[in-house]
């Protein structure tokens, strides 16, 4: 059996307490050893210099780590398109080829249409593009069958197609169906000369800083200018052809198939500098995947309804166009002591900026 452990006595506890109390008042200092070695000293000082250079040059100068920052400014975008064009049958103005007409940050300019006129509710041959629409007899058509990718409900009859010797199943739908009687019209002949005003104003609430992208002038400047990166940076009036060219696209090809172009406005500003140095930077690129045939291009459908001999009829329009997406982003940085409150920000940026938005300038447009 193991020997029994001795129990601590009151004397042992007192000695331990006295030892701790005595050690509490002891003074300790590390011992420093100086090594007389020039090679080791050079390495030591070089490491110190590298650390100092990292903080001074990279952290404070390159990365500006001393600054406060804010990303994602509050932004407002208003657009306006001007110009006229013509197709084989008519002249088109902006009220007809811009959808939607409200002038938001996303809008479409129609450049080609396929028109199916005088559609009425009735029965007619289904489109040959619909799966299993072709037939040889009525037995190939199931009455009441509804194809979600088709144009209507099948009646159970196999009827001759609109042209040629083929037959398709008859459907109850808006007739004639789109592929059977559509006429194509190209609107893009004069479209490269359309002008697009992109009015953008941004606000960084953290720094109480606001700015816009339109020159504040009263001499009719906006009526005669177009955007130029150097001489007319604050004239945000772009020709559609210029936007497509800057995105690296062929205008004629894009007008036929449709596509989505992004107009990116970047507001990267450093308030350690003058607010006059805070300028918009524009870039342009195609956003839809044009190299994927299944999803390239851009089109949409809409209809115009009217009465013919008391019956409802419509004109169906499949529109191909260039969709413009205006995207705004940016980052603002400033020294922390300067962004302590609205009063400091207001005093720092109180100078008049000729590029701030002036509603009176927009009245010229």
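Backbone N, Cα and C define each Cβ position, glycine as well.
According to TrEMBL, the feature region 'Disordered' maps to residues 339-365, out of the candidate ranges 312-338, 339-365. Cβ-based crowding with a 10 Å cutoff singles out 169 as the top-ranked of the disulfide-bonded residues 135, 158, 169, 175, 225.
Here the candidates are the disulfide-bonded residues 175, 235, 278. The one whose C-alpha lies nearest to that of residue 301 (ATP binding site) is 175.
A 10 Å cutoff on Cβ-Cβ distances gives residue 235 (disulfide bond) a total of 19 other Cβ atoms nearby, all chains included. Of the candidate binding-site residues, 80, 81, 82, 299, 318, the one lying closest to residue 278 (disulfide bond) when CA atoms are compared is 80. For residue 175 (disulfide bond), the nearest of the binding-site residues by C-alpha distance turns out to be 318; the candidates were 80, 81, 82, 299, 318. Counted within 10 Å of its Cβ, the other Cβ atoms near residue 81 (ATP binding site) come to 17, all protein chains included. Its Cβ taken as reference, residue 269 (disulfide bond) is surrounded by 23 other Cβ atoms within 10 Å in the chains shown.
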